[in-house]
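Presented below is the structure to which this report refers.
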Amino acid sequence: MGDTIASLRIGERGIIEDFSLDIIPLCLLEMGCLPGKEVSLIQIAPLKDPLYIKVNGSHLAIRKEMADLINITKL
Amino acid sequence: MRNNAVLNVALVGNPNTGKTSLFNQLTGLKQKVGNYPGITVDKKHGKCKISDELTAEIVDLPGTYSINPQTLDETIVLETLLNKKNESYPDAIIVVAEVENLKRNLLLFTQIKDLQIPTILVINMSDQMERKGINIDIETLKTALKTEIVLISSRKNIGIDVLKKELANYKNWNTETLANISTKIDANYFSELEKTFSENSLYKSWLLITQQEYCHFLTEAQNKKINTFKTDVEKIKKYQHKETIFRYQKINEILKTAYKVDKSKATDLRSKLDSILTHKIWGYVIFAFILLLIFQSIFEWASFPMDLIDGIFAKLSQLAKNNLPEGVFTNLIAEGIIPGIGGVLIFIPQIAILFLFISLLEETGYMSRVVFLMDKIMRKFGMSGKSIIPLISGTACAIPAVMASRNISNWKERLITILVVPFTTCSARLPVYAILISLIIPSKRIFGIFNLQGLTLMALYLLGFTAAIFSAILLNNVLKVEHRSFFVIEMPNYKVPSVKNVFYEVVEKTKAFILGAGKIILALSIVLWFLASNGTSAYKNAEKHVTTLEENSNLDNEALQKKIASYKLENSYIGTMGKFIEPVIEPMGYDWKIGIALISSFAAREVFVGALATIYSVESEGEDVGTIKERMGAEINPKTGLKRFNFATGMSLLLFYAFAMQCIGTLAIVKRETKSWKWPILQLVGMGALAYIAAFLAFNILS
């Protein structure tokens, strides 16, 4: 419990849990970041932010503050 | 169709799908850019012959991930596809997808398809399918998506003819909707919506509800009707989320059978490059090296063609003077128009080189890595990683740089970026810096390798960046702007840049800049020439006045002519203006002639040199003045008897030009982009005050 995308280490994977729809912006969903999808952390920027992730086939960079809002189950 | 044989086609697609490559293949050199990009959103369009009877007018709409816009450019997609009165409203739409990101690309396709305008799906980069182990069952996909599909490779020019053949047949395309959003989400709400707006497709009506603020074409009555469906904003937001999830479910179902990837064939070139280019040390080293390379090239490569252009126009001017019959018209050509055109064309080499690099960085996919590397650092200054692109572009010209800030979706970060970009040393400052530095800084070497003049120039660049950073920090603490931060960027796969794309990009951007900024500079040169060669009654009686003066009775003819000329200039319209502001600029060490150059510079900085050149050449009445630099070096301050452009005045001018907001073009574009006069006025006043104080201090400390 309590894992988010921000708590992944490089190379680790997880499954996105249901998230509260009013926190996550629509554009993130549209880029493929959806509940039930696998997410993996590819790289962390030198100052620990942003995070470079692969989710649902898309390669994206998101800020830590957003990554912290997306709960996952680690694989 | 507007004419019986012209078909309006819109190109739509995600960024990085090769949409622009396809556009280049279809239209070639027949493409045009509507307006100067500063005046309206960049709209690329061009003609393409489909068959003997049919020509397509193709519009390359801005790349977008969804029809729901996040940025200003993306609203153009929405506006073009929803507004039937838009001149580019399409008869047919081409949605461009690419093999590797087909799933995400299809989200946009399903949205477009639901608008029920004839739509075709084009899958690009098909030549790479085998190498990447991707297998697409086109027939299954066609049936499931209810559409025609063409596999193409825009870079290798494969499949373009097939696409043209399909386009000729657009009237027979299936226009059924794909995702029936209504029943899955809220059957009552959507059937009510459908009934109320029976003239539209249901999805279009839904977009009018959710994107009403961007649909400026709506009438008051339509807006009223729409508002009746917007009583519960939270509900609508929830429905939008549900709609997206539903669309992805549908896409996943379809792709499960039609799209296969053999993972063993995937190469790890991408991750190898990523681990170097975004490395915590090497990432920055490589970025710094690339920046250095860009600046070096701008100076090294551009200096030769720039000198060439400069020389050619000086010769042309002389040639016109010598060969045309004497008169006002000849003067206008030789002193107004020719130097004016030269003053514009001289920027081509630098601008083209800068755009070449920016285009290369974007084409290869490296720019996203820079954004990723720099985001946290830039955020400390209230900006975003995406601000790097405007700040680099700003070294060419602030106008395209301000526009490049559009893809920053956070308003506060975008605003700060726009406000501080004019501090970066744009190419218009270069001629001013170059001539002043050569006048006041000796050309000697330090430590045997560094040229002191070159170091001064570099220091001025750093000064510009420092001013930008510090004002950003200040603005970040002062500005109270409501903002929510959505930072999502795609990290595209690395690509070898296409020569064709880069070439078109450089030509088009350079052309847009030269035509846009050039008009202002040329017009001003002519106005300036006119103001300097006409004046009030004192100007008209100059000859009589000077010759009858007691003190001039002993002068020979040549000296007398000189006196008349400078008396004329002093009493010309521009001279009167210069005199008027002299008391204000005197504390910085300037006289009325520099004042004239300053006034003219408010249109564009580079006019400074041209203005001084005009002033001195009008003053010298046709005799050979030598180069502008020699003339400035010889100018004497009558009050002190010393050189006018001494170290103190020179430094004062350098600082003034480094900080002051002297560019009408930039002010206009900032007004347009921020939709308020407040911000350009803040720039004008704030930067002006800083420039005045810095120049005042420099002059008084140094002299």
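Glycine residues also receive a Cβ, built from the backbone N, Cα and C atoms like all the rest.
Taken from TrEMBL as is:
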- B:13-20, B:38-42, B:60-63, B:124-127: GTP binding site (BINDING)
- B:ASN24, B:THR27, B:GLY28: Mg(2+) binding site (BINDING)
- B:6-173: domain 'FeoB-type G' (DOMAIN)
- B:281-299: transmembrane segment (TRANSMEM)
- B:337-361: transmembrane segment (TRANSMEM)
- B:381-403: transmembrane segment (TRANSMEM)
- B:415-442: transmembrane segment (TRANSMEM)
- B:454-475: transmembrane segment (TRANSMEM)
- B:512-532: transmembrane segment (TRANSMEM)
- B:647-669: transmembrane segment (TRANSMEM)
- B:681-702: transmembrane segment (TRANSMEM)
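Same-chain residues lying 6 or more positions outside the transmembrane segment (B:512-532) and placing a CB less than 8 Å from one of its CB atoms are 33, 36-39, 331-332, 335-337, 339-341, 343-345, 347-348, 351, 396-397, 399-400, 569, 572-575, 577, 596, 600, 603-604, 606-607, 610-611, 614-615, 618, 664-665.
By the Cβ criterion (distance under 8 Å, sequence gap of 6 or more), the transmembrane segment (B:381-403) is not counted as touching the transmembrane segment (B:681-702), fewer than 3 such pairs being found. Using a CB-CB cutoff of under 8 Å against chain A, none of the binding-site residues from B:GLY13, B:THR27, B:GLY28, B:PRO62 qualifies. Between the transmembrane segment (B:415-442) and the listed ranges B:337-361, B:647-669, B:681-702, the one holding the most Cβ pairs under 8 Å is B:647-669. For the transmembrane segment (B:681-702), the list of distant contacts is 419, 422-423, 467, 471, 587-589, 647-649, 651-653, 655-661, 666-667, 670: same-chain residues at least six beyond its ends, Cβ to Cβ under 8 Å.
Scoring each of the binding-site residues (B:GLY13, B:ASN16, B:THR27, B:GLY28, B:PRO62) by how many neighbouring Cβ atoms lie within 10 Å, the top position goes to B:GLY13. All protein chains included, B:LYS19 (GTP binding site) registers 25 other Cβ atoms within 10 Å of its own Cβ. Take the Cα of B:PRO62 (GTP binding site) and measure to each of the binding-site residues B:ASN24, B:THR27, B:GLY28: the nearest one is B:ASN24. Sequence-distant contacts (6 or more apart, same chain, Cβ under 8 Å) of B:MET125 (GTP binding site) comprise B:GLY18, B:GLU98, B:VAL99, B:GLU100, B:SER153, B:SER154, B:ARG155. Taking Cβ-Cβ distances under 8 Å and a sequence separation of 6 or more, the neighbours of B:ASN24 (Mg(2+) binding site) in its chain are B:GLN31, B:SER154, B:LYS500, B:ASN501, B:TYR504.
Cα of B:GLY13 (GTP binding site) to Cα of B:GLY28 (Mg(2+) binding site): a distance of 19 Å. Under DSSP, B:MET125 (GTP binding site) is assigned to coil, being neither helix nor strand in the three-state scheme. Geometry remark: B:GLY28 (Mg(2+) binding site) versus B:LYS19 (GTP binding site), CA distance 14 Å. Confidence in the domain 'FeoB-type G' (B:6-173), given as mean pLDDT, stands at 87. On a Cα basis, B:THR27 (Mg(2+) binding site) lies 12 Å away from B:LYS19 (GTP binding site).
Annotated pair B:ASN16 (GTP binding site) and B:THR27 (Mg(2+) binding site), C-alpha to C-alpha distance, rounded: 19 Å.
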